[in-house]
């Protein structure tokens, strides 16, 4: 496919937490409250905590670099259950402040106290943009800010706000580097099961839904045998220097087809690095990352169908180039306001 034929593959970026309405106490929440404050539900945090590679990578970045954390003031942006706060405290931080907008912060306070770290760790409930810290500057900012496809519904712009407001001039950010990649896959089985199914639903033709279903992005695990192209770097982010406006970007790219097959979907994955560690530390959502020491759970973003001008109905030949454009847009309003 020639580059001139390429269309835009649009990925909306939402970087922020929930709106500033007051959150109920966690123990008083109903199913309606959880609908508007999903991060207050323990299930989301259980899933993240059980992602051992992600969690242990954060822990190792601190425990293996105690010289960076000793007697320092640390800020955790989006602290959740307080797990990263407690890692920082155990790594030798003098004071750790966690900011969490959702009502899970009520449990985080109890968790910190139960682990006898409340003399070091303070949990603040509220939006980063609205709270006041008990200190003027912090030495280190830690955050698990990444969203699907790295940027979607991420907290990156909240981290940048905290960086600009509170990080000391020589301060550190953990992690501090992120790279987003795109590759393409063959996925005929999914297409037959999830797309062509609409052509005959209990004897009725509902194929008008196919166009919507085929473009629906999802989070999934991809078998490496499905890969039909190389991977292409889409965006590289240095958290020390990136600006909010940099998160709205257009990235043209070309993928080289490695075998004769169909191209049914684009797959996005990302790498995260802690470059200030004395030993290379990070993780990846790629298949190579899942096999190696940098494993993370099923966080690969898949855009199926014919995204960005890639014609899923036509086969591609080995050596052929598939060119298109990925455009990242900031949403008109945040998901929490939708």
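From the backbone N, Cα and C atoms, a Cβ is placed for every residue, glycine too.
Small disclaimer: the values here were computed from a predicted structure and weren't measured.
The domain 'Methyltransferase' feature in TrEMBL is assigned to 74-171.
What TrEMBL lists as domain 'Protein arginine N-methyltransferase' is 176-286. On the 0 to 100 pLDDT scale, the domain 'Protein arginine N-methyltransferase' (176-286) averages 87 in the predicted structure.
According to TrEMBL, the region 'Disordered' annotation covers 286-338.
Per TrEMBL, compositional bias 'Low complexity' is recorded for 296-305.
Residues or ranges marked as compositional bias 'Polar residues' in TrEMBL: 313-327.
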Helix, strand and coil residues within the domain 'Methyltransferase' (74-171) as assigned by DSSP: 30 helix, 30 strand, 38 coil
